[in-house]
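This report concerns only the one structure given below.
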Amino acid sequence: MEKALVLRFLAGVYYIKDLETQIILEAKKRGKLKTPDIKTTQKENSSASDFIIKVGDIVFYELSCDTYLIQSILPRKNELKRPNVANIDQVLLVFSLVKPNFQFLLLDKFLLILEQQKLDVVLVFSKIDLLEPENLTTMQQQLSYYQKFQPFYYINSKQKIGIDALKHIFANQITVLAGQTGVGKSTLLKALIPDAKLKTQEISESLGRGKHTTKNAQLYEFNGGFIVDTPGFSKLDLTTFCPRTLKNFYPDFVEHVCDCFFGESCLHLQEEKCGVKKSLENGKILPSRYQNYVSFYEEIKNQLKY
């Protein structure tokens, strides 16, 4: 059997790239898929026969009766359920500064979920041309707080401003483009790979948000690596979090825990002598960052009541 990387799934056909010959083939899944040591994100009652092959999977395949059949999947180092992508090296998290308007709440929620998944994040802020210079400067000052945790880029995809500075991060990596619908992920991908077959749409004036332009996850080769364009994220679920351990997914909080009177058991809420709250008062923690933490804590706590 030969080994290949899954690039795309469309209408029952898997597009795979042979890792030795580099040839792209059309393949189908065998009736009963072999999935040794695969940790699935599907429901517990899922079986090998209905196991979902994800974009990014490394698979074994063979030719049978003039049809290439995927026989088995190699163990994944990580995976996402929505979108269905496996073996991710990093996430390129794209936010627009306007249209749709930027929200610190949404940024913090994305970072929280990706931190739980133990995925490296690169932050990209698009549509810088649509802000007045003074407003852009103000936004950059506020966003600079996040630079101590993630690589950081400002871009204008349509005019290709900042695109060249971004290219090196894709080398030898499988990179997932993530972000709210309409922030310019497909436009960014088109700026990086002009011949990629993509459709971009204008923002809905009535809703102030984007329409879906990507329906299925797909791997595109670029600069020695692969970029995964995914459907827009319309729902960010916090149901996998526990209120008491939420704080552990805030690296900027963790570095101040040593100053908490209650140490690692401190929730950074009502406790006295809290190192995180002291750092907040001293301007070392962004106020919106802490406020969003409290909001997420209450949201998760309320979910447990039902």
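Keep in mind that glycine also has a Cβ here, set from the backbone N, Cα and C atoms.
Residues annotated as domain 'CP-type G' in Swiss-Prot, with sequence analysis given as evidence: 77-236. Under the heading GTP binding site, Swiss-Prot lists Ser126, Lys127, Ile128, Asp129, Gly179, Gln180, Thr181, Gly182, Val183, Gly184, Lys185, Ser186, Thr187. The feature Zn(2+) binding site is assigned by Swiss-Prot to Cys260, Cys266, His268, Cys274, with sequence analysis given as support.
Spatially, by CA atoms, the binding-site residues Cys260, Cys266, His268 include one closest to Val183 (GTP binding site), and that is His268. A simple way to gauge crowding: the CB of Ile128 (GTP binding site) has 20 other CB atoms within 10 angstroms, across all the protein chains here.
Within 10 Å of the C-beta atom of Thr181 (GTP binding site) sit 18 other C-beta atoms, taking all shown protein chains into account. In terms of C-alpha distance, the listed binding-site residues Cys260, Cys266, His268, Cys274 place His268 closest to Thr187 (GTP binding site).
Neighbour list (His268 (Zn(2+) binding site), Cβ cut-off 8 Å, at least 6 residues apart, same chain): Lys247, Phe253, Cys260, Cys274, Val276, Lys277, Tyr290, Tyr293. Between Ile128 (GTP binding site) and Cys266 (Zn(2+) binding site), the C-alpha separation comes to 39 Å. Taking all protein chains in view, 31 other C-beta atoms sit within 10 angstroms of the C-beta of Lys185 (GTP binding site). The Zn(2+) site, placed at the center of the C-beta atoms of Cys260, Cys266, His268, Cys274, has further neighbours from the same chain whose C-beta lies within 8 angstroms: His256, Val257, Phe261, Phe262, Leu267, Leu269, Glu271, Lys273, Gly275, Val276, Lys277.
According to DSSP, Ser126 (GTP binding site) sits within a strand segment.
Cys266 (Zn(2+) binding site) and Ser126 (GTP binding site) are 37 Å apart (CA-CA, integer value).
Among the binding-site residues listed here, namely Gly179, Thr181, Lys185, Gly179 has its C-alpha nearest to that of Cys266 (Zn(2+) binding site). Taking the binding-site residues Ser126, Thr187 in turn and counting surrounding C-beta atoms within 10 angstroms, the largest count is reached at Ser126. Ranked by Cβ neighbours within 10 A across all protein chains shown, the binding-site residues Val183, Cys260, Cys266, Cys274 are led by Val183.
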